[in-house]
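Student: The domain 'Photolyase/cryptochrome alpha/beta' feature in TrEMBL is assigned to 5-143. Look at TrEMBL and you will find 257-261, 298-305, 396-398 tagged as FAD binding site. Taken from TrEMBL, the feature site 'Electron transfer via tryptophanyl radical' covers Trp329, Trp383, Trp406.
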Amino acid sequence: MPSGSNSLMWFRKGLRIHDNPALQHASKGSDFVYPVFVIDPHYMKPDPSAFSPGSTRAGLNRIRFLLESLADLDSSLRRLGSRLLVFNGEPSEVLVRCLKEWEVKKLCFEYDTQPYYQALDNKVKDYALAAGIEVFCPVSHTLFNPADIIHKNGGKPPLSYQSFLKVAGQPSWASSRLVTTVSSIPPVGDVGKCEFSKVPTIKELGYEDIEQDVWSPFRGGESEALKRLQESISDKERVANFEKPKGDPSAFVKPATTVLSPYLKFGCLSSRYFYQCIKDVYENVKKHTSPPVSLVGQLLWRDFFYTVAFGTPNFDRMTDNRICKQIPWNADDELLAAWREARTGYPWIDAIMVQLHKWGWMHHLARHCVACFLTRGDLFVHWEKGRDIFERLLIDSDWAINNGNWLWLSCSSFFYQYNGIYSPISFGKKYDPNGDYIRHFLPVLKDMPKEYIYEPWTAPLSIQAKAKCIIGKDYPKPVVPHDLASKECKRRLAEAYALNQKLNGHVNEEDLTNLRRKLEQDQQQENKRKRQRQKLIS
């Protein structure tokens, strides 16, 4: 049986050695430290019925990224005289079994604001505290503790970025340097009857029959994260002058952003260390950009969404979400499938969706374009449906940020100027007039002349034939006419906003059903009038 002072370090996110207060605390004064990761079937169990390879909740690109991150963490722990103990099962059951078997005195893990982890953590914490085990669970995934910001703001999360900045101020830890190096970790003690494994491969997880021709070009792990961070901050001018939303969404050979988001999502990179590195650069340059557009501003946006998500019940849905406009979205599964499967007939939109499937990542402006197109721009499909697809396929899919962005881009919360939309034709053309991005991700259009690449349905048949791409046969016709569809979306949003205002936000399911019926009747009347006008003309 184990003896002496034993600590268990439970890894979930925070898959790193640098700036890991939970790991530091687990190591302090302990004879043995058991570093544990539990493969949770809730996220990882293969689901053959899902629309893309992967589990019920995660596509294969993200699962692969996680496994690479775990393998890298295991290598780092081994260099420090330890190793990662991997278990499979319901995490709270696994943890309780290990805590008992190893006579653990100290349980350490990083605090997580996501509802699923909140419930899980409470289960494990309750057992540990009742058993007299010390629990240490620091906030180190974000710059601030969302609960502190909500408390400072009178019990409610700030709902605008500027009010968030005002309440947040400077992070309390930023006045001293973070601990970013570890020289050793106490060894793993006797594991007794707890059967663990090494980090599994994709095949060992049960994904053996999957052929994927293109994998995400981004490799998981802390080592890769720190390498990318150094590359990003070594260009001091770029760091100082970084300005979002500028940047080219069509750049794919060398993406126009740092592509550190998946590393921040899994905690392979500490957002606090990233913040510290940017601040160091700022001190050595004459001038730099400021939030919301600066690089520090991006980290603060992340904390803003984390804080609002933490303080808003039902943040991830429209119903019973007090900050979300109630809108009678379409439940059109055919339009949703066309969007998801990159066959809307709009090459700019479809190329972005192909990049999402293949890479699990695309530029933030590209995300904005396809989210706007699905919801308020053209198809008027519910933002929750698009959110689910992003949540599955993105390697950097992050519960708070993904939901926050879909609320924003559908004009359901945070942003309400629904008249301004991303054109599925002219927006991409502005950055990439030749259509190289489209040609790369949609090779069926690779020989289409640049005059027609964004609107191939307008190309004469002879040109389509020469380009070996007949519209309606080799590549689909547009699922909706953009000009008419966007006009109709704006009309529907105007009516929905008026209803939300009239009922002071207390819109129920019956109100939405009535509005949906009214909008459909209006649409039928409008179509009837059009047909009559056409008859008169002819």
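The backbone N, Cα and C atoms fix where each Cβ goes, and this holds for glycine too.
Set these features in their place in the structure for me.
Tutor: In sequence order, Lys244, Gly247, His363, His364 are the residues near Thr257 (FAD binding site), counting only same-chain partners six or more apart with C-beta under 8 A.
The Cβ of Trp329 (site 'Electron transfer via tryptophanyl radical') lies under 8 Å from the Cβ of Met318, Thr375, Phe380, Val381, His382, Trp383, each of which sits 6+ residues away along the same chain.
Summarising the environment of Trp406 (site 'Electron transfer via tryptophanyl radical'), the number of other Cβ atoms within 10 Å of its Cβ, over all protein chains shown, is 25.
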Student: Can you give me the same-chain residues 6 or more apart in sequence from Asp303 (FAD binding site) with a CB-CB distance under 8 Å?
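Tutor: Result: Thr142, Leu143, Phe144, Pro146, Ile149, Phe164, Ala168, Ser271.
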Student: By DSSP assignment, list the helix, strand and coil residue numbers for the domain 'Photolyase/cryptochrome alpha/beta' (5-143), in that order.
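Tutor: In the domain 'Photolyase/cryptochrome alpha/beta' (5-143), the DSSP-based counts are 58 helix, 28 strand, 53 coil.
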Student: Report the same-chain neighbours of Phe305 (FAD binding site): residues 6+ apart in sequence with Cβ closer than 8 Å to its Cβ, ordered by sequence.
Tutor: Ala400, Ile401, Asn403, Gly404, Asn405
Student: Suppose we draw a 10 Å sphere around the Cβ of Leu299 (FAD binding site). How many other Cβ atoms does it contain, all chains included?
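Tutor: If we count other Cβ atoms within 10 Å of Leu299 (FAD binding site), we arrive at 21.
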Student: Do me a favour and check the Cα-Cα span between Ser261 (FAD binding site) and Trp406 (site 'Electron transfer via tryptophanyl radical'); whole Å is fine.
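Tutor: Between the Cα atoms of Ser261 (FAD binding site) and Trp406 (site 'Electron transfer via tryptophanyl radical'), the distance comes to 17 Å.
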Student: Roughly how many Å lie between the Cα atoms of Ser397 (FAD binding site) and Trp406 (site 'Electron transfer via tryptophanyl radical'), rounded to a whole value?
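Tutor: So the Cα of Trp406 (site 'Electron transfer via tryptophanyl radical') lies 12 Å away from that of Ser397 (FAD binding site).
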